[in-house]
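Accompanying notes for the structure given below.
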């Protein structure tokens, strides 16, 4: 899904001579940049030269591949980022730069549904670059800024993906849009908590450094540093939530949009102990420290820094504690620093009085993940599963569940009039994964933030794109609202329908209205249906589809009461039972061993001569 836009050129008979002259003067692109002051910007690090791009309705300015940190290579691997040192001359910012080193999805080679999320630039650990799109010419007055944080399970993703093209929002809505790369997987989230060599959460620190860069430099592009909105999807949305919960980040933005992800999701963080276990297991898998000896943190990290990046990526998935889906190997850690406590605790105790938040989900959050390991599922058939496959899928989809908790999930999601129906079982499995990992954490976050003083708006996205290549049974999968938010249907070459183009314009307006005012509604349009705030009492949210806005109440309220209220209590109770059972078994084992020992001693005693005389 790559929009076929190219830099604007003005045809001229004199162009070949002009090009030759400019080449002799030091390069056509550089000279063209000097001729157009709109494409030259000075930031704190030095001067940049951008590029003018076509977009529907007119051109935009793009400044691509701007370095905001020193390359995190060599001894900087696993370390917090360092700000980019100043450069001399004019830095070329006309093309995207490297993608951070990561796992590449090869499950369905050549299939657009997976390839659109795979890296589209060279993989490298030298990857900390950001991009800025602005209206052309530059805004005369400070313009609200939108900062995009991509998703990808904290193990993949890139700001340069075609689906994140910022030109449409910049041109149609007059927004200043920023996106950044951040380290993922082992390189961004391997943690030995308490260690200076690999403290963890450096991918989040990459994001924070980019936010600081925006505060220092965005005014030069026409952006308003006093009106910054973060928005992200999936792990990007979880990242946005973690910046909300991390005090040093809170002064760097003013509003937040969380699309299909939260910091309180069961996949979004791990404890310090689990992070250390995964890091040391990865080290052992790649032969660190050499010889298999114990070694301290410094020796372990020094060894890991010598290993090729691909070796680390190849072993990432082997550190997960059990077979699962929607679980990722290296993710943010509750480190006592970036995250001073668990996200749940911080959400419950935080003060969000001055915060405006937009949160939401898509209709079928779980379906995308089922083809990555749940028995019976594939993109190439209807995935009509048996009850046995459903039961096995629940254990993979809710990996932390005890036997009793898994049985409760099965009980809740089974259609007891048709308990063996393959279609229902398939759809129920999708709902289990989506509700558990996305929908109910979003509902919980919306309620808690609203209760703590934030102004919250909520949505469910229900439109399946006419161009979608995933099978019909997957519905509206995770991630497939993004193309509408970024305005890709406005590109006629991508073959969206007219209705989808109008729908995309509507969504772009909602998102940019929210970025400007903290309210997605247009204050100049009193005739259109209004999007009400989400409150703990009314729990109002809207459906986003080709129809007019519809207000609903209670986002999967009954089901989310199961996940957010009942199941945690059940898990807590069964944890106690499991511990009691473990202790009982240990005591029984000790007692049994004692009895065997006693019987052996008794038998030995009985065989002695004095006993035989009795």
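Positions of Cβ are set from backbone N, Cα and C atoms, glycine also.
The active site, acyl-ester intermediate annotation in Swiss-Prot covers 234. The feature active site, charge relay system is assigned by Swiss-Prot to 365, 478. Taken from Swiss-Prot, the feature disulfide bond applies to 100-127, 288-303, 440-560. Look at Swiss-Prot and you will find 296, 381, 495 tagged as N-linked glycosylation site. Per Swiss-Prot, signal peptide is recorded for 1-31.
In the structure shown, across all protein chains, 234 is the one of the recorded positions 234, 296, 381, 495 with the greatest number of other Cβ atoms within 10 Å. DSSP assigns residue 303 (disulfide bond) to a helical segment in the three-state reduction.
DSSP classifies residue 100 (disulfide bond) as strand under the three-state reduction. Considering other CB atoms within 10 Å as the measure, the emptiest surroundings among the disulfide-bonded residues 100, 303, 440, 560 are those of 303. A gap of 45 Å separates the Cα atoms of residue 560 (disulfide bond) and residue 303 (disulfide bond). Cα-Cα distances to residue 296 (N-linked glycosylation site) place none of the active-site residues 234, 365, 478 within 10 Å.
The distance from the Cα of residue 440 (disulfide bond) to the Cα of residue 478 (active site, charge relay system) comes to 14 Å. Within 10 Å of the C-beta of residue 478 (active site, charge relay system) there are 26 other C-beta atoms, taking all protein chains into account. In three-state terms derived from DSSP, residue 478 (active site, charge relay system) belongs to neither a helical nor a strand segment and is classed as coil. For the disulfide-bonded residues listed here (127, 288), the lowest count of other CB atoms within 10 A around the CB belongs to 288. Nearest by CA distance to residue 288 (disulfide bond), out of the active-site residues 234, 365, 478, is 234. Among the recorded positions 100, 303, 381, 478, 495, the ones whose Cα sits within 10 Å of the Cα of residue 234 (active site, acyl-ester intermediate) are 478, in sequence order.
A Cα-Cα distance of 22 Å separates residue 127 (disulfide bond) from residue 303 (disulfide bond).
Note: residue 365 (active site, charge relay system) has non-local neighbours 260, 433, 434, 435, 437, 438, 439, 477, 478, i.e. same-chain residues 6+ apart with C-beta under 8 A of its own C-beta.
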